[in-house]
């Protein structure tokens, strides 16, 4: 608790120090070059000392909000899911199996299910999908027909089972590490942008698949001897032929983006939009065949539907990390911001989502701010559809991780609509609003506007009766306000924060407990508590 209090006090004076050093008139003061260098070095050290763990927590929380959304069809965004899987250290089959078993055990212990547990199980299912595992395959229990068949055939030798889906192999192939997998399963894995062996975790030197004829013959002999019928597999064209055909199709579609016939352009951009949504391989192929410049040009095309298709295709392509840079380099951000201001409802929503995706790169955060992209996002947050508000909130959260963008968001009038979101329970955006407010409250201008008595009373109400995550974030915001203005801490006491704060200090989340104890300690030192 003491270390947390020291940390909080340090960050409480950070902005004051930075503000004092900002724009210091060295020439008027007549200081030497050496002193100027020392002051600038101090500013750099202060910037490096900025709180980062809270930001990471909030990034994790914001990612969770997106994937747990029931209404947003981008809740299976591969980039977000992969980032979550890495942060939660759930990126191998063994990890997923152990976690699923633990959740099932928790459900059994509680004697039932609830919405939170189901959300976690759904998330684990999405992790399975990005690993290329069929969503019907359970990692801990026989819930599908194929899984039941596996259990009934428990005498099948382990070496005949695919390590990914744990089914007997009909077309075993060998990867670069010497491990054998069912062709369909390992192909899904590789098409999901993985370049490692699922079983060993080793990086694959190449992606060639060699048929394991010897093992296939052994499997066939065993099946005949044990009267076991191999599952029938659908026949597909060879992957090489399929890839060549697809590349040819994508190449023709990219050329059609520049057609002089509007209907040809519209059909091409619509098909590219669909292909870009399907899998990572398509996104890479579209970029490699020059699709991004053509799509960016269509952002300026005087047809609202073509603009909508183009911005959505770029949103899909931006899931790929390399494509984020390519899209920004082609000048898309400025055009996306124009569509955000003037496009159809769906185009505006997808423009906001595209800015969120692109701004995962720090250099793109700066570009969005410099191209004046924050005011139209604030407008969408205030006046958009429910989905538009959510898209705008996630984009604004991400952009506000940049200090300069915080000031721009505050000047654009972000705080009033955020405060209204706290009062509108029907939108279910309290977490999003609090997360953004927590970023803005670290800025002097943000504190001045946020730190009103009516807002303090709202925070106290959330601390008293909000969800655990609501309470955690509300306590964090109040702590930041109170450390910079003790009168606001006193106001919170007068609104009855003391008892719920003590309860959180004992029973809240780990982070909420730390923040609550720091706030109680600060209040105690101000001698406002008996």
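Using N, Cα and C of the backbone, Cβ positions are placed for all residues, glycine too.
Unlike curated records, TrEMBL annotations are generated automatically.
The domain 'U-box' feature in TrEMBL is assigned to 155-229. Feature annotation from TrEMBL assigns repeat 'ARM' to 290-332, 331-373, 372-414, 413-450.
Across the repeat 'ARM' (413-450), DSSP assigns 30 helix, 0 strand, 8 coil.
For the domain 'U-box' (155-229), the DSSP counts in helix, strand and coil order read 25 helix, 12 strand, 38 coil. According to DSSP, the repeat 'ARM' (290-332) comprises 32 helix, 0 strand, 11 coil. The average per-residue pLDDT of the prediction over the domain 'U-box' (155-229) is 84, rounded to a whole number.
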